[in-house]
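J.: Here it is: the structure, laid out below.
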Amino acid sequence: MTKKNLAVCSFCGRSEKDVEKLIAGPSVYICDYCIKLCSGILDKTPAPATQEIATSSTSSPTSLRVLTPKEIKRHIDSYVIGQERAKKTISVAVYNHYKRIRALMQDKQVGYGKSNVLLLGPTGSGKTLIAKTLAKILDVPFTIADATTLTEAGYVGEDVENIVLRLLQAADYDVARAERGIIYIDEIDKIGRTTANVSITRDVSGEGVQQALLKIIEGTVANIPPKGGRKHPNQEYIRVNTENILFIVGGAFVNLDKIIAKRLGRTTIGFSEETDLAVTNRDHLLAKVETEDLIAFGMIPEFIGRFNCIVNCEELTLDELVEILTEPANAIVKQYTELFEEENVKLIFEKEALYAIAQKAKQAKTGARALGMILENLLRDLMFEIPSDPTVEAIRIEEDTITQNKPPVIIQKSPEAIA
């Protein structure tokens, strides 16, 4: 290696051959000599008050306030409509999980493990929103990962350790905070092994990924590369203990109801998938899910065994979709109403129009996710025109606006008001 190719300390300029250890950071290096020098300076300098507060928030046993299950559910209710059974189950699981962490921080003996959660349910039923809301009310770092992008080590794709890296980034590289965070892994059903995956080729995105995830979910000290592992193989690793990280995984698990029905000796109802009766029957079956059903679906026993809380999110009803439009603290209709109020224009939705929007979302088969797209398409042209038109006083959205694509009703200001 030539002199110009040697990495050097960004502070003192010593090359890697002149020091015992050279630690790499994002685009910088620091040697062991400079670390010792900085450490000596810090030992002689009183820490600022803000640093003392931060330290106390991560290490003090009393700093972790555990909300009761009722308090947790009440907060979730402010943002998540429906899913009463799921919200109660998760509230209890999260309460027990953080109560366990607090006990461990106080050096108490704990005889129960952590409460990882597996959420079943169709797209747009609120699985991700529940996880996001939990992280918000508990004030802990949170990250979302997509299971379909994960692969085993050695294959093209994302290493499972990168999930922990994203949580560490969400915690601003505060390891103690990250170790109490929440990781939500979506589309977990997509990594179920299938009978088609015979031994001719390696099951890159199925059983192998479950095995890789198993280690960090059950709890291990993971070596996390701060820049990601594959493009920067020589960087210094950060050690993160995943034992107290809460893992929530979710997936639609399409046709799992048929596996459950077979176990129960039932036949699935012979109606169209869109009928309310078929949906009710499917939700009823998923509520009876057992570990053996998930194994038959393609999840490995060791993986499923790490989730002692398995709960079903039911498909949202028409009334619940209407509530989602108007009731939560961050309801989408409230958001658009505020946008138009900033232009001094009143936005009015007739009740029939709200139900028409909900029906359209239901037909799209993406649950609550379709609501935002429908409203955006409906109001985009108005949001373009209104800022340039001071004559508009109000806009009324009627049922025909949704069902027959008729223009919204524009109510003009009186001439006196314009003047």
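Using the three backbone atoms N, Cα and C, a Cβ is placed for every residue, glycine included.
Residues or ranges marked as domain 'ClpX-type ZB' by Swiss-Prot on the basis of sequence analysis: 1-50. Residues or ranges marked as Zn(2+) binding site in Swiss-Prot: C9, C12, C31, C34. Positions annotated as ATP binding site by Swiss-Prot: P122, T123, G124, S125, G126, K127, T128, L129.
What does the local environment look like for each feature on the list?
T.: In the predicted structure, the domain 'ClpX-type ZB' (1-50) carries a mean pLDDT of 65.
Summarising the environment of C31 (Zn(2+) binding site), the number of other Cβ atoms within 10 Å of its Cβ, over all protein chains shown, is 24.
Counting only same-chain residues six or more apart in sequence, the Cβ atoms lying under 8 angstroms from the Cβ of S125 (ATP binding site) belong to Q83, C313, E314, E315, L316, G367, A368.
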J.: If you count other CB atoms within 10 A of each CB, which of C12, C34, L129 wins among these binding-site residues?
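T.: Answer returned by the neighbour count: L129.
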J.: Looking only at P122, G124, G126, which of these binding-site residues has the biggest number of Cβ atoms within 10 Å around its Cβ?
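T.: When each Cβ's neighbours within 10 Å are tallied, G126 tops the list.
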J.: For C31 (Zn(2+) binding site) and T123 (ATP binding site), determine the Cα separation and express it in whole Å.
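T.: Distance between the two Cα atoms comes out at 50 Å.
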J.: How many other Cβ atoms are found within 10 Å of the Cβ atom of T128 (ATP binding site), counting all protein chains shown?
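T.: For T128 (ATP binding site), the 10 Å Cβ neighbour count is 17.
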J.: Helix, strand or coil at C31 (Zn(2+) binding site), per DSSP?
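T.: In the DSSP reduction, C31 (Zn(2+) binding site) maps to strand.
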J.: Near C9 (Zn(2+) binding site), which residues of its chain come within a Cβ-Cβ distance under 8 Å, counting only those 6 or more away in sequence?
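T.: In sequence order, the residues whose Cβ lies under 8 Å from that of C9 (Zn(2+) binding site) (at least 6 apart) are S15, V19, L22, Y29, I30, C31, Y33, C34.
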